[in-house]
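Colleague: Can you keep this structure in mind? I'll have questions shortly.
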Amino acid sequence: MKQAVHFGAGNIGRGFIGALFSQSGYHVTFVDLAEQIINQLNEDHSYHVKLATDQQETTEINNVSGLNNMTQEQEVIETITNATYLTTAIGPNILPKIAPLIARGISQRVQNTDDKLYVIACENQIGATDILKEHILENLDEATKEKLDERVYFFNSAVDRIVPIQDNQGSLDVLVEPYFEWVVETSEDIPSIEGMTIVDELAPFIERKLFTVNTGHAVIAYFGYIAGKSTIDQTLADEEITSQVQETLKETGDYLIQQYGLNREEHLQYIEKIIGRFKNPYLNDGVTRVGRAPMRKLGPEDRLVRPATEAKKAGLSYTNLAKAIAAALLFDFQEDDEAVKLQGMIKEQGVAKVLKEVSGLDEDSGITKEVIKHYESLK
Ligand SMILES: NC(=O)c1ccc[n+]([C@@H]2O[C@H](COP(=O)([O-])OP(=O)(O)OC[C@H]3O[C@@H](n4cnc5c(N)ncnc54)[C@H](O)[C@@H]3O)[C@@H](O)[C@H]2O)c1
Ligand SMILES: O=P(O)(O)OC[C@@H](O)[C@@H](O)[C@H](O)[C@H](O)CO
């Protein structure tokens, strides 16, 4: 049986990427440090993906197993040696941590076989596979690096499916929204995977996704949090916040339309479809999940700051994006390590210095001034 090894047996791992490999006839080995999930995968060898709809249509996912990357390094290396695909959905900040083990797997593999391995990071981050590749290369010797050509391929991708935190302790089953899109950038003729879309150029797809789905989501999460809401769909019942989302997505939309020559009508329909997805009442998706890791989300290339800087460069409006950045700076959820750290930094250094350090924005830039104005009125 063809083999896929997937790092991150969490919501997207089990609920989307791993499920597509299994449905395409692969055995999927999930690699994770969550001992309970790994044990259960090895006991059950299957789980269910349930759609967040009225009917809860359910698909059984088979041929799955698990390995713990902390305690079963040698087994992970063996699995990489035999795999066709190596994917991740583990969180952008974790990629540097898993790269050394992947590098060891690749080193052993290229000694043993000329078969091709396709590496794809499925994270909400522009160029995530390129970043993972850099970390892997740092851990390879020159002889191995020379053997990568035509043996190990690295493809960037964009991944879209809302999978909330699961409310079913002790079960591997995953509730997911019906919609999904997995776009992979390559010109190679690669083994086909059900549900994977191949494109020559990823930039318009990942930017459209990140700066519409994830920007919109972040706006709802941060304004919802401030308003004391607990879920995304509940927050959208607030008309003021819904209109804030629409105004912000008009700003990212104007940038995307100009940058990629998108059709305005089609893009407006894309926005409406996404807002419809956010309203799904069966998902029960928490504002604290969607707002998680605010320092990552305030990064210079991420969903709030990048469209604001691009809009500014293009002479377009960015005031609603600045307001969303201000709302993100007020996300003080105590169970989120980045939120706690960010609040400490703001207290110590003030907003302008934090925006410089976290978002790469100059202290006297127009965006920083606009963010501070909104921050003062929101707090
Ligand atoms: N959930 C979604 O709606 C969604 C949609 C699209 C993309 N994504 C992206 O997919 C990625 C994963 O998100 P998720 O929602 O599935 O998160 P998640 O927390 O459900 O899953 C992450 C998994 O990684 C594991 N992990 C963390 N650190 C690890 C380490 N050092 N070694 C091994 N395993 C480790 C965790 O135990 C967990 O099982 C993120 O980049 C996210 O942005 C998520
Ligand atoms: O995963 P994050 O933390 O980058 O972003 C939170 C959500 O916006 C995200 O997980 C979406 O649900 C997902 O990107 C939908 O495709």
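All residue numbers here begin at 1 and follow the chain in the order shown.
Any Cβ shown, glycine's included, is placed from N, Cα and C.
Whatever TrEMBL says is automated annotation, not expert-curated.
Note that the structure is a prediction, hence the values are computed from the model and not measured.
From TrEMBL, for reference:
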type: DOMAIN; residues: 3-187; note: domain 'Mannitol dehydrogenase N-terminal'
type: BINDING; residues: Ala4, Val5, His6, Phe7, Gly8, Ala9, Gly10, Asn11, Ile12, Gly13, Arg14, Gly15; note: NAD(+) binding site
type: DOMAIN; residues: 202-378; note: domain 'Mannitol dehydrogenase C-terminal'
Colleague: Pick out which of the binding-site residues Gly8, Gly10 has the most other Cβ atoms within 10 Å of its own Cβ.
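Modeller: Checking each of Gly8, Gly10, the winner is Gly8.
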Colleague: What is the average pLDDT across the domain 'Mannitol dehydrogenase C-terminal' (202-378)?
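Modeller: Summing pLDDT over the domain 'Mannitol dehydrogenase C-terminal' (202-378) and dividing by its length gives 98.
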Colleague: Go through the binding-site residues Ala4, His6, Arg14 and pull out the ones with a Cβ less than 6 angstroms from some atom of ligand 1.
Modeller: none
Colleague: Around His6 (NAD(+) binding site), how many other C-beta atoms are within 10 angstroms of its C-beta?
Modeller: 29
Colleague: At a 10 Å cut-off from the C-beta of Ile12 (NAD(+) binding site), count the other C-beta atoms across all protein chains.
Modeller: 29
Colleague: Count the Cβ atoms, other than its own, that fall within 10 Å of the Cβ of Arg14 (NAD(+) binding site), considering every protein chain shown.
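Modeller: That number is 30.
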Colleague: Any idea what DSSP makes of Arg14 (NAD(+) binding site), helix, strand or coil?
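Modeller: DSSP call for Arg14 (NAD(+) binding site): helix.
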Colleague: Which residues in the same chain, at least 6 apart in sequence, have a Cβ under 8 Å from the Cβ of Ala4 (NAD(+) binding site)?
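Modeller: Set apart from Ala4 (NAD(+) binding site) by at least 6 residues yet with Cβ under 8 Å, we have Gly18, Phe21, Tyr26, His27, Val28, Thr29, Ala83, Thr84, Tyr85, Leu86, Thr87.
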Colleague: What does DSSP say about Gly8 (NAD(+) binding site): helix, strand or coil?
Modeller: coil
